[in-house]
């Protein structure tokens, strides 16, 4: 009975698979499927990176590597490498880190190779280490003095916490959560973003004066910045209007005075006076004296 094209294709694929397996065995190498673990630990505590591979033998060779932008050796030739020498130890094929730091976070890979009847066998296991870090003291931006009716932003930020912290603003020791709904801040109009750490007053009022500080918090811990006082001053609109009116009046008086002086001819008289200056008189007198000098009479 003739076989269908699909059946022939499956036979060809099976044939190539068998050939590939025979090739690996002939070259004395086989690899097992790798595993992946996730380990989460708080900074400065201990963590165990386990190499979960099949049964190991005394002839097995172990290597631990950290994979990042490059590959760095952690355990090689039966010895811990780098700074792991002083703060880690080997327990069988596992690594016990006694004092985890945030720089330890990343992907680790253990490789176990051992001779078998079919050749050299390589087993690989992967461990993803995540280090949780408490927030540091956040950087807070609070203006010292603002005017009523203006839009004002207070900012809070932390760059060290993992996971990323949430931010809560406080005024005079009282938490400002979400939009105000009554209470001591019922005359305020503000919005607090707990993700970005921005507290925004859409139209600040005199009642918003006080001491403000921000707290950054995550699952590991919380820290807050020192309190800073913000003074809200009332904008004196009537005083500004009066000042503008006075300045405009002074400018108008100066302008009218200049026009009046021009009409009365004060500027033209001054010009005529400059034309009849003492210099011309001196010249005339000199000419008359020259005419009557006796030394020139014939």
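Glycine is treated like the rest: Cβ placed from N, Cα and C.
The signal peptide annotation in Swiss-Prot covers 1-28, and the record cites experimental evidence as its basis.
Among the features that Swiss-Prot reports, topological domain 'Extracellular' is placed at 29-236.
Sequence annotations record features per position, and here Swiss-Prot assigns domain 'Ig-like V-type' to 32-128 based on sequence analysis.
What Swiss-Prot lists as disulfide bond is 51-110 (among others). The Cβ of residue 110 (disulfide bond) lies under 8 Å from the Cβ of 49, 51, 53, 62, 63, 64, 65, 93, 124, 125, 127, each of which sits 6+ residues away along the same chain. Residue 110 (disulfide bond) carries a strand DSSP state (E or B).
In the three-state DSSP reading, residue 99 (N-linked glycosylation site) counts as coil. Around residue 99 (N-linked glycosylation site), the same-chain residues at least 6 positions away in sequence with a Cβ under 8 Å from its Cβ are 44, 45, 46, 87. Marked as N-linked glycosylation site by Swiss-Prot on the basis of sequence analysis: 99.
Looking at the domain 'Ig-like C2-type' (135-238) alone, the prediction's average pLDDT is 88. The feature domain 'Ig-like C2-type' is assigned by Swiss-Prot to 135-238.
Summarising the annotation, Swiss-Prot assigns disulfide bond to 156-214 (among others) and lists sequence analysis as the type of evidence. Around residue 214 (disulfide bond), the same-chain residues six or more apart in sequence whose CB sits under 8 Å from its CB are 138, 140, 154, 156, 167, 168, 169, 170, 197, 199, 224, 225, listed in sequence order. Secondary structure at residue 214 (disulfide bond), as computed by DSSP, is strand.
The transmembrane segment annotation in Swiss-Prot covers 237-257 and is backed by sequence analysis.
The topological domain 'Cytoplasmic' feature in Swiss-Prot is assigned to 258-298; the stated evidence is sequence analysis.
Note: the domain 'Ig-like C2-type' (135-238) comprises 8 helix, 47 strand, 49 coil (DSSP; helix = H, G, I, strand = E, B). Between the listed disulfide-bonded residues, namely 51, 156, the fewest other CB atoms within 10 angstroms of a CB are found at 51. Counting residues per DSSP class in helix, strand and coil order gives 7 helix, 53 strand, 37 coil for the domain 'Ig-like V-type' (32-128).
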